[in-house]
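Report on the structure given below.
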Amino acid sequence: MFPYFIMLVFCGIPLFFMELSFGQFASQGCLGVWRVSPMFKGVGYGMMVVSTYIGIYYNVVICIAFYYFFVSMTRVLPWTYCSNPWNTPDCVGVLDGNLSSRAALNITQLLNTTQKRTSPSEEYWRRYVLNLSDDIGNLGEVRLPLLGCLGVSWVVVFLCLIKGVKSSGKVVYFTATFPYVVLTILFVRGITLEGAVTGIMYYLTPQWDKILNAKVWGDAASQIFYSLGCAWGGLITMASYNKFNNNCYRDSIIISITNCATSVYAGFVIFSILGFMANHLGVDVSKVADHGPGLAFVAYPEALTLLPISPLWSILFFFMLILLGLGTQFCLLETLVTAIVDEVGNEWIIRKKTFVTLGVAVAGFLLGIPLTTQAGIYWLLLMDNYAASFSLVVISCIMCVAIMYIYGHRNYFKDIEMMLGFPPPLFFQICWRFISPAIIFFILVFTVIQYRPISYNDYVYPTWAISIGFLMALSSVICIPIYAIYKVCRSEGDTLLERLKNATKASKDWGPALPEHRSGRYAPAFSPSTESHLEVQPLQPEKGQSEAAAGHPL
């Protein structure tokens with residue numbers, strides 16, 4: 001939590017405000033805004049690549065939540081007992097038989113030996129839902145129930161975006177607010193359970209020995225970038241639809257703090273249930289929690305089986321996950337569609353934006369199919385850990401440098417003052433210029449120094465899979481130097497220095513989108529020589545000639 005709040009104050013909120021103000025000032029998506037310094041348009045392409053990766057695998061997570069939501073509509077949750085065809089002899093359910101004697105003894109024995117207790121929810125997840133293969137290269141068969149749910153989730157996303165931000169804006173009122181209702185219901189239920197205090201104390205007690213671990217700081221940075229949506233391009237895209245004088249400074253403060261307060265609140269909800277479960281099983285809280293999707297689809301569902309009317313709580317929980325996921329997915333898809341439409345820019349594609357949305361949704365569905373195979377979860381975690389982790393912080397760092405040092409911090413501060421009526425506060429000016437890029441740089445360095453290959457439970461990823469992960473990570477970052485080289489080569493100038501100056505200089509059409517907002521240094525200027533050559537053409541030439549003949553001055 002300590003690194004999380006440090007990252008929020010010195011990176012999260014400043015970068016959030018920067019992206020909002022950037023998109024709002026130019027009224028352009030993540031590609032169009034780089035008229036500010038055309039050489040850095042590769043940053044926008046990098047954002048698109050990141051959004052593509054996240055959009056592909058994020059909807060797979062939503063589809064699994066849809067699957068659990070549908071199967072929860074039953075009298076007894078299917079992961080409650082160990083008496084199913086997919087269960088193994090190692091399965092020990094807390095509700096199977098006489099817990100106080102046989103199951104409790106079995107749990108103690110299993111924890112004390114090399115064997116690990118397998119819960120019915122874990123076996124349901126691994127052996128039935130995923131039917132997990134033994135290797136990332138062994139794709140096996142496509143899990144048809146998951147494929148069907150993936151289709152449902154993409155259809156829902158497309159229908160909610162069919163009219164662009166007009167339709168998604170209305171849907172988000174529900175998807176953004178209803179999870180608070182569900183969280184509160186689960187929180188009230190959770191804190192009334194025996195052992196909830198133990199879980200909450202585990203959540204709040206600092207483990208200071210981990211403060212020097214670079215991975216903790218890297219995870220905190222990734223979580224801030226993930227939860228606030230920095231460097232995805234989504235903030236710039238959504239802000240581009242704001243009114244020019246909208247107070248995005250106030251918005252960025254309120255949204256950032258509310259968002260992170262929600263994350264902390266959700267922690268209380270999760271750990272109260274985990275504490276109850278640890279108390280029920282007689283183990284430490286750390287033994288109950290899992291990493292990755294395991295917490296959402298293994299530990300928490302197992303805890304729900306211990307509650308009265310468990311299907312109701314399960315339906316509520318997974319409905320909340322679906323809504324939270326859809327809110328993110330709307331933003332990702334709209335980012336890609338807006339970038340494509342802005343880049344092509346002709347009248348036909350603007351009128352046919354719905355077909356662009358449909359095309360992106362269909363492509364996302366097809367690319368997500370491999371993630372519904374028996375090895376799908378391995379690929380999902382690989383994409384999650386590499387495709388959209390350190391590349392986010394690299395993109396943010398370069399964006400800060402490009403705006404503050406290439407375009408110029410004084411120019412940008414004047415732009416914000418012109419838009420909002422006041423310059424950015426001194427704290428933000430210092431963060432943008434020095435603190436945020438420095439923190440991001442040090443996190444990158446220490447993450448590389450303390451790098452550990454990823455694993456999934458006991459499975460260690462092969463070298464070739466990790467190499468693919470690094471290639472995915474580089475594919476977004478490499479857009480920046482490739483486009484920069486291309487732009488420098490295409491720029492005018494006899495020497496490399498002249499080409500560099502022309503490639504980094506703001507375009508003539510950079511600035512507010514609407515003419516009424518283009519004042520000050522963005523006002524269209526006419527030189528006297530130009531004005532003297534301007535000719536006023538009458539709207540109706542014949543009428544003008546007849547009036548001139550009659551002696552009336554035109």
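In case you wondered, yes, glycine gets a Cβ from its N, Cα and C as well.
Quick caveat, the model's predicted, so the values are computed rather than measured.
For reference, TrEMBL has these:
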- Ser227, Asn259, Leu324: Na(+) binding site (BINDING)
- Cys82-Cys91: disulfide bond (DISULFID)
- 511-554: region 'Disordered' (REGION)
- 6-26: transmembrane segment (TRANSMEM)
- 47-70: transmembrane segment (TRANSMEM)
- 144-165: transmembrane segment (TRANSMEM)
- 177-204: transmembrane segment (TRANSMEM)
- 224-241: transmembrane segment (TRANSMEM)
- 253-278: transmembrane segment (TRANSMEM)
- 312-333: transmembrane segment (TRANSMEM)
- 354-380: transmembrane segment (TRANSMEM)
- 386-406: transmembrane segment (TRANSMEM)
- 426-449: transmembrane segment (TRANSMEM)
- 461-486: transmembrane segment (TRANSMEM)
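Mapped onto this structure are the features recorded in TrEMBL.
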| residue | record | Cβ contacts under 8 Å, 6 or more apart |
| --- | --- | --- |
| Cys91 | disulfide bond | Cys82, Thr118, Ser119, Pro120, Glu123 |
| Ser227 | Na(+) binding site | Asn259, Cys260, Ser263 |
| Leu324 | Na(+) binding site | Thr175, Pro179 |
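Within its own chain, the transmembrane segment (253-278) has Cβ neighbours under 8 Å at 1, 4-5, 8, 12-13, 16-17, 180, 183, 186-187, 190-191, 193-203, 223-224, 227-228, 284-285, 287-289, 295, 299-300, 302-304, 306, counting only residues six or more beyond its boundaries. Note: the stretches the transmembrane segment (224-241) and the transmembrane segment (47-70) are in contact (3+ CB pairs below 8 A, sequence gap of 6 or more). Beyond its flanks by at least six residues, the transmembrane segment (312-333) meets 51, 54-55, 58-59, 61-62, 65-66, 68-69, 72-73, 77, 153, 156-157, 160-161, 168, 171-172, 174-176, 178-179, 182-183, 185-186, 189, 229, 232, 234, 237-238, 296, 300-301, 304, 357, 360-361, 364 of its own chain at Cβ-Cβ distances under 8 Å. The number of other CB atoms found within 10 A of the CB of Cys82 (disulfide bond), across every protein chain shown, is 22.
Remark: the transmembrane segment (426-449) makes no contact with the transmembrane segment (461-486), by the rule of 3 or more CB pairs under 8 A. Below 8 angstroms of C-beta separation, residues 32-33, 35-36, 217, 220-221, 223-225, 228, 230-231, 235-240, 242, 244, 246, 248-249, 251-253, 255-257, 260, 396, 399-400, 403, 415-416, 419-420, 424, 427-428, 431-432, 435-436, 439-440, 510-513 of the same chain, each at least six residues beyond the ends of the transmembrane segment (6-26), sit close to that stretch.
When Cβ distances are compared across the two stretches, the transmembrane segment (144-165) makes no contact with the transmembrane segment (177-204), since fewer than 3 pairs at least 6 residues apart fall below 8 angstroms. When each of the listed stretches 47-70, 177-204, 386-406, 461-486 is scored by C-beta pairs under 8 angstroms to the transmembrane segment (354-380), 47-70 comes out highest.
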